[in-house]
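First up is the structure itself, then whatever we jot down about it.
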Amino acid sequence: MEKQVEIPEVELNSGHKMPIVGYGTCVPEPMPPLEELTAIFLDAIKVGYRHFDTASSYGTEEALGKAIAEAINSGLVKSREEFFISCKLWIEDADHDLILPALNQSLQILGVDYLDLYMIHMPVRVRKGAPMFNYSKEDFLPFDIQGTWKAMEECSKQGLAKSIGVSNYSVEKLTKLLETSTIPPAVNQVEMNVAWQQRKLLPFCKEKNIHITSWSPLLSYGVAWGSNAVMENPVLQQIAASKGKTVAQVALRWIYEQGASLITRTSNKDRMFENVQIFDWELSKEELDQIHEIPQRRGTLGEEFMHPEGPIKSPEELWDGDL
């Protein structure tokens, strides 16, 4: 058996532990065949990844489920309990009565009895069956922050999700959610990287004991919707060269040192190893100060979730001015 890396864990406010580095299963188009995707996820398991992040909108739940089943059946992993599986509710199911059925469907496709973490993907709602990312004014519906969270709490109470959380929530939206919640979100999965350091959201979530996970530690470098603002940043390039590390490792280590966890995605097995070689060294105060000086700009505005006559009309409304 190949030598596996060991990834530290963080304890969430739910009492459950989550590996600091997760493997992301959102893959760029064109989607690889099921067998190829399953093999990639199995490679990640062989490397030592146990935290896998998926979503109903990714179209990768089946391949992930097959990889997990194969890993268990082959003896590579002892049991389902060794995995931390997170999944996200898509916006067409972001309504009180649709959430439990959506979770059950994800469980069925994944072939598991429970999720370790279930999150609301976006604080947005569209009509059921609306064409993904090609929404018209009629597709957008009002999103009930407190009502959707009540249904998420029910998922937790039924034991179908050990922890529940949100994704892409601002300070203002979290504040509204917390006004009526009985179970606080364990995680807020957001865009966070050296080019968007979440200087408003991060301290708020720390104060409320809500853990931040970055879904964009490298800003999706190399794919159509991505950006070079992290991987081609001269500050990171200089730090990486001086430490004998890669730019990616410096970017990932910075997130870890902020007390956040991160989701990485690569089909390259060498880079799977590289992305978790971040725990036995640290950044100096001078290096952290240099990173703090990097100009800040949110990379993803989410304009596909806005309409001039819809519930959300602008980036300012979606992110409550935190741009």
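Note: Cβ is positioned from N, Cα and C throughout, glycine not excepted.
If you check Swiss-Prot, you get these features:
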{"type": "BINDING", "residues": "ASP53, 167-168, GLN189, 215-220, 289-297", "note": "NADP(+) binding site"}
{"type": "ACT_SITE", "residues": "TYR58", "note": "active site, proton donor"}
{"type": "SITE", "residues": "LYS88", "note": "site 'Lowers pKa of active site Tyr'"}
{"type": "BINDING", "residues": "HIS121", "note": "substrate binding site"}
{"type": "REGION", "residues": "302-323", "note": "region 'Disordered'"}
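Location within the structure of each feature annotated in Swiss-Prot.
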{"residue": "ASP53", "record": "NADP(+) binding site", "DSSP class": "strand"}
{"residue": "TYR58", "record": "active site, proton donor", "DSSP class": "coil"}
{"residue": "LYS88", "record": "site 'Lowers pKa of active site Tyr'", "DSSP class": "strand"}
{"residue": "HIS121", "record": "substrate binding site", "DSSP class": "coil"}
{"residue": "GLN189", "record": "NADP(+) binding site", "DSSP class": "strand"}
{"residue": "PRO217", "record": "NADP(+) binding site", "DSSP class": "coil"}
{"residue": "ILE291", "record": "NADP(+) binding site", "DSSP class": "helix"}
{"residue": "ARG297", "record": "NADP(+) binding site", "DSSP class": "coil"}
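Using a 10 Å Cβ-Cβ cutoff, PRO217 (NADP(+) binding site) registers 29 neighbours.
Less than 8 angstroms from the CB of ILE294 (NADP(+) binding site) sit VAL194, ALA195, GLN197, ASN233, VAL235, each of them six or more residues away in the same chain. Of all the recorded positions listed here (TYR58, LYS88, HIS121), HIS121 has the Cα closest to the Cα of ILE291 (NADP(+) binding site). Taking every protein chain shown into account, LYS88, HIS121, ARG297 are the recorded positions, and of these the Cβ with the most other Cβ atoms within 10 Å belongs to LYS88. Of the candidate recorded positions, TYR58, HIS121, GLN189, ARG297, the one lying closest to LYS88 (site 'Lowers pKa of active site Tyr') when CA atoms are compared is HIS121. Between the CA atoms of PRO217 (NADP(+) binding site) and TYR58 (active site, proton donor) there is a gap of 18 Å. Between the C-alpha atoms of ARG297 (NADP(+) binding site) and the residue listed as 'substrate binding site', the distance comes to 21 Å. Summarised by DSSP class, the composition of the region 'Disordered' (302-323) is 7 helix, 0 strand, 15 coil.
The Cβ of ASP53 (NADP(+) binding site) lies under 8 Å from the Cβ of GLY22, TYR23, GLY24, THR25, CYS26, SER86, CYS87, GLN189, TRP215, ILE263, each on the same chain and at least six residues away in sequence. For the residue listed as 'active site, proton donor', applying a Cβ distance below 8 Å and a minimum sequence separation of six or more within one chain yields THR25, CYS26, VAL27. Most Cβ neighbours within 10 Å among the binding-site residues GLN189, ILE291: this distinction goes to GLN189.
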